[in-house]
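A.B. asks: So TrEMBL has the following annotated:
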TRANSMEM  21-44  transmembrane segment
TRANSMEM  87-114  transmembrane segment
TRANSMEM  135-163  transmembrane segment
TRANSMEM  175-201  transmembrane segment
TRANSMEM  233-254  transmembrane segment
TRANSMEM  266-292  transmembrane segment
Amino acid sequence: MAAGKTSIVFKTLKHGALLPAGNRILFPAVFALAVAYTSLLLLVNDLAVQPAADKLLLDVIATFHSNGTPDEYALLLQDLGNDAWDLAWAGTACLLLDATAGSAVWIVALLEAVWTFADETQLGKDRARLEGPALAVAFVYALQITYVIMLLAATAALLAHLLVKGPNPLLLLGWLVRAAAAVFHVYLTFLYALGFLVAVAEPRRRARRPRRGAGAVVRAWRLLRGRRRRRRAALLLAVVGALAAACSRVQALARARAHSGPASGLLLGFLYAAAVAAAKLFAVCAITAFYYECRQGDDDAANTELIGGSVL
């Protein structure tokens, strides 16, 4: 049984890896666009977000080890607050860049994956082909923004508790819950990607009205029902996570080389951007293959039930 599940997952990964070969004109263009966006995001992170985070970390360390006068401690807290705001602004700018340019890149990649997998040059000319994905994206963004704000608020509350009362078991429990929420956010992202695929691939499927917004996400959630599919999705996310971890190792090498040799650091930075773009493009193709396999399974089950009912 386990071997069968593993073979199905490998089949999905194989389909995802071979999908770009089905359109050798548009996929290289999408890959180049993804590399350009990832390079821009890396540049913004290195120039704005990372320096602010490092400065805030130094402020936190200085605050905890401060033995000065109350006036000096108040000055340290003021610097800590100012640097926290700088990090918040830089992080917000990075999130906005990811929510606009980044989302546009990966939406184009999802559309191209659906068109290639369905072997169609266009999926229709009716307005539902545009309205469904647009409303699905709007609904997904509303949910993601709400969830991220809740995560940031929880993180800020935990940091405030740490500064006021110091480390304690309740704080550790809070960080564990925060980590579980971050893992659940990965699952939600996977679900949202499936919802967008539903909105693109089946705008009028099994319904008189097109699947839009919440309807597409609900349909995606139904596709994940059952232990086998959830386990396959978990294994797929594990493979994508392993690729992301490998890419982060390249980023660490790039930052280390940037201090010793700028040329080698820039080269490794470009390789990191290319690796991240390739990994995310592979994830898009693998999720698309997973969606079509789940949909085919539902179709086969529905046809079997229909034939059985007609025979009876």
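Each Cβ is built from the backbone N, Cα and C atoms, and glycine gets one as well.
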A.B. asks: Apart from its near flanks, which chain residues at least 6 from the ends of the transmembrane segment (87-114) lie with a Cβ under 8 angstroms of it?
C.D. replies: 19, 23, 26-27, 30, 33-34, 37, 40-41, 44-45, 48-49, 52-53, 55-56, 123, 133, 137, 141, 145, 148, 193, 196-197, 200-201, 280-281, 284-285, 288
A.B. asks: Can you work out which residues elsewhere in the same chain, 6+ from the ends of the transmembrane segment (21-44), have a Cβ less than 8 Å from its Cβ atoms?
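C.D. replies: Sequence-distant neighbours of the transmembrane segment (21-44): 93-94, 97-98, 101-102, 105-106, 108-109, 112, 115-117, 119, 251, 269-270, 272-274, 276-278, 280-281.
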A.B. asks: Do any residues, 6 or more residues outside the transmembrane segment (175-201), come within under 8 Å Cβ-to-Cβ of it, and if so which ones?
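C.D. replies: Distant contacts of the transmembrane segment (175-201): 107, 110-111, 114, 118, 123, 129, 132-133, 135-137, 139-140, 143-144, 147-148, 150-151, 154-155, 158, 210-212, 216-217, 219-221, 223-224, 233, 236-237, 241, 284, 287-288, 290-292, 295.
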